[in-house]
Amino acid sequence: MTLADQNASDKEKISVASPNALPANSAGPGSGKLFESSSDGETEVGEVQAVTLDIERLKRAEGDATFHRLGWKRLTVVLIVEAIALGSLSLPGAFATLGMVAGVILTIGIGIFAMYTSYVVGQVKLKYPDVSHYADAGRLMFGKFGYELISVMFILQLVLIVGSHVLTGSIMWGAITDNGACSIAFAVVSAIILFLLAIPPSFAEVAILGYIDFVSIIAAILITIIATGIRASDAGGGLANVNWSAWPKENVTLSEGFIAITNIVFAFSFAMCQFTFMDEMHTPADFPKSIWALGIIEVCIYTLTGALIYAFVGQDVRSPALLSAGPLVSKVAFGIALPVIFISGSINTTVAARYIHGRVFKDSIVRYVNTPMGWMTWLALDAVITIFAWIIAEAIPFFSDLLAISSSLFISGFTFYLPSTMWFMFVVEGKWYERKNWFLATVNAVSFIIGIAILGLGTYSSIDDIMLRYKDGNVGTPFSCAAAS
């Protein structure tokens with residue numbers, strides 16, 4: 001068979017596979033066929049070019065189909081995976097600082113604001129479909145500078161979150177094995193699992209794992225609530241003797257109080273990845289169903305988790321609250337929570353990799369991750385992100401405080417003051433001060449103020465806590481085999 005015959009055969013196969021392929025007699029752009037001489041005779045270069053174009057069109061069509069499979073139900077699951085992790089079990093500690101009344105009010109109130117600002121993000125996505133990531137929204141608001149600034153914020157925050165899951169995984173392995181090995185080894189194992197789970201490039205695959213993730217976190221929370229309730233009932237004096245309070249703990253400092261508030265705020269930080277997730281929806285207009293479903297689920301889970309565990313354990317509640325369930329039960333709960341630690345962590349790697357990969361290969365079929373080059377670059381990028389997250393988590397002795405600082409600097413914007421700014425710039429119909437806009441203008445102004453307060457006071461509180469830990473000698477050693485904390 002000649003080369004020309006083989007090319008014609010290939011084109012026929014591609015044309016059957018893809019209705020968008022070029023006609024079999026097309027030679028692509030240009031005027032007529034191109035020929036060149038070779039030792040084997042004349043080769044129809046134009047037809048080779050046409051086959052190449054057909055293959056690229058086929059790969060693009062496959063890529064578009066792969067990355068537009070999310071419906072609103074799957075989007076809800078993906079948002080749950082990204083939003084609800086073991087961080088929810090830090091809320092009883094926040095309640096212990098703020099008191100039961102303030103804890104419940106702030107959890108419900110912040111949850112409602114987070115739902116609304118996430119709705120604003122969705123409105124912007126519908127109005128500007130080309131906005132695929134938060135950085136694109138930064139370009140809309142502030143031009144090239146905004147694009148680059150928010151790109152750095154976006155990537156850094158995602159990498160730090162992955163690092164926090166590496167650290168949480170290390171704590172989990174230590175708790176299950178009674179610190180039976182060096183914590184660095186546990187962190188390496190955690191990083192490898194996070195890398196493997198981040199390999200699928202589409203969020204549709206993550207949604208399948210999301211069902212396991214959701215069942216896992218609910219089971220871990222229920223086990224912790226039941227175990228702490230039983231321990232409190234069996235203790236001397238029973239539940240009536242638990243030292244919980246409706247009001248903030250005595251002599252609480254500004255830093256302690258605001259760090260507790262930011263723990264609640266950061267539990268509702270799902271708006272950061274929403275542009276990225278919505279970009280895969282086949283019907284983006286359905287996004288409000290996902291937002292309301294997620295918001296209601298989060299508010300219920302967080303409020304009940306914080307209030308019940310605090311009521312059962314009191315001021316001595318540990319963070320994560322799984323550690324308050326007793327030595328044996330905490331091991332069981334950590335084992336059940338294993339999917340949460342790694343599935344919820346890996347999705348942040350996927351989001352960061354999707355942004356970087358799509359930006360680098362914007363005009364190439366490589367970005368669809370359905371060619372050998374696409375897969376090689378995708379796996380390499382996933383590995384680099386995971387390695388950086390592991391290094392940061394192990395190298396910085398005050399990592400948890402660093403995460404609090406970055407969250408104060410970045411999540412305050414992604415969840416509060418940036419959506420409010422976008423409402424005033426892109427969403428409002430007419431002038432913001434018109435009578436019909438008074439209510440929403442007030443809501444967005446309050447959201448903006450909340451974001452700025454978190455930015456300022458949250459950053460101050462985190463830095464103050466780092467200085468206090470250095471003063472008390474409670475700062476760990478980088479790359480130490482000591483138990484992670």
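Cβ coordinates come from backbone N, Cα and C, glycine included.
The annotation region 'Disordered' is assigned in TrEMBL to 1-45.
According to TrEMBL, the domain 'Amino acid transporter transmembrane' annotation covers 69-463.
Among the features that TrEMBL reports, transmembrane segment is placed at 75-95 (among others).
Among residues of the same chain six or more beyond the transmembrane segment (101-124), those with a C-beta under 8 A of the stretch's C-beta atoms are 91, 94-95, 131, 137, 140, 246-248, 261, 264-265, 268-271, 274-275, 278, 284, 287-288, 291-292, 294-295, 298-299, 302-303, 306-307, 310, 415-416, 419-420, 422-423, 426-427, 443-444, 446-447, 450. Under the heading transmembrane segment, TrEMBL lists 101-124 (among others).
The transmembrane segment annotation in TrEMBL covers 145-167 (among others).
Among residues of the same chain six or more beyond the transmembrane segment (173-199), those with a C-beta under 8 A of the stretch's C-beta atoms are 162, 165-167, 209, 322-323, 330-331, 334-335, 341-343, 345-347, 349-350, 353, 378-379, 382-383, 385-387, 389-390, 393-394, 479-484. Feature annotation from TrEMBL assigns transmembrane segment to 173-199 (among others).
Residues or ranges marked as transmembrane segment by TrEMBL: 206-230 (among others).
The transmembrane segment annotation in TrEMBL covers 257-278 (among others).
Residues 72-73, 75-76, 79-80, 83-84, 88-89, 91-92, 94-96, 100, 103-104, 107-108, 111-112, 114-115, 118-119, 122, 218, 221, 224-225, 228-229, 231-232, 239, 242, 244, 264, 267-268, 270, 321, 324 of the same chain lie 6 or more positions beyond the ends of the transmembrane segment (290-313) yet place their CB under 8 Å from a CB of it. The feature transmembrane segment is assigned by TrEMBL to 290-313 (among others).
Residues or ranges marked as transmembrane segment by TrEMBL: 333-356 (among others). Through the fold, the transmembrane segment (333-356) approaches residues 78, 81-82, 84-86, 133, 135, 151, 154-155, 158-159, 161-162, 164-166, 168-169, 172, 175-176, 190, 193-195, 197-198, 200-201, 203, 206, 209-210, 212-213, 216-217, 219-220, 223-224, 227, 273, 276, 322, 325, 378, 381-382, 385-386, 389 of its own chain, all at least 6 residues removed from its boundaries and within a Cβ separation under 8 Å.
The transmembrane segment annotation in TrEMBL covers 377-396 (among others). Residues 158-160, 162-167, 184, 187-188, 191, 194-195, 198-199, 201, 349-350, 352-353, 356-357, 360-361, 366, 369, 402, 478-479 of the same chain lie 6 or more positions beyond the ends of the transmembrane segment (377-396) yet place their CB under 8 Å from a CB of it.
Annotated transmembrane segment per TrEMBL: 402-426 (among others), in sequence order.
If you look up TrEMBL, you'll see 438-460 (among others) marked as transmembrane segment.
Tertiary neighbourhood of the transmembrane segment (75-95): same-chain residues 103-104, 107, 165, 168, 203, 206-207, 209-211, 213-214, 217, 220-221, 224, 260-261, 263-264, 266-270, 273-274, 277-278, 281, 286-287, 289-291, 293-294, 297-298, 301-302, 305-307, 309-310, 313, 317-322, 324, 337, 340-341, 343-345, 347-348, 351, selected by CB-CB distance under 8 Å and a gap of 6+ residues from either end.
Sequence-distant contacts of the transmembrane segment (402-426) (same chain, at least 6 residues past either end, Cβ-Cβ under 8 Å): 113-114, 117-118, 120-121, 123-124, 127-128, 134, 137, 140-141, 150, 153-154, 156-157, 160-161, 163-164, 259, 262, 265-266, 268-269, 271-272, 392, 396, 432, 440-441, 444-445, 447-448, 450-452, 454-455, 458-459, 461-463, 465-466. Long-range neighbours of the transmembrane segment (438-460) within the same chain, counting only residues 6 or more positions beyond its ends whose Cβ lies under 8 Å from a Cβ of the stretch, are 113, 116-117, 120, 254-255, 258-259, 261-262, 265, 404-405, 407-409, 411-413, 415-421, 423-424, 428, 432.
Residues 70, 75, 78-79, 82-83, 87-88, 90-91, 93-94, 97-98, 103, 106-107, 110-111, 114, 117-118, 121-122, 125, 131-134, 136-137, 154, 157, 203, 248, 284, 287, 294, 298, 302, 347-348, 351, 354-355, 404, 407-408, 410-412, 414-415, 419, 454, 457-458, 460-462, 465 of the same chain lie 6 or more positions beyond the ends of the transmembrane segment (257-278) yet place their CB under 8 Å from a CB of it.
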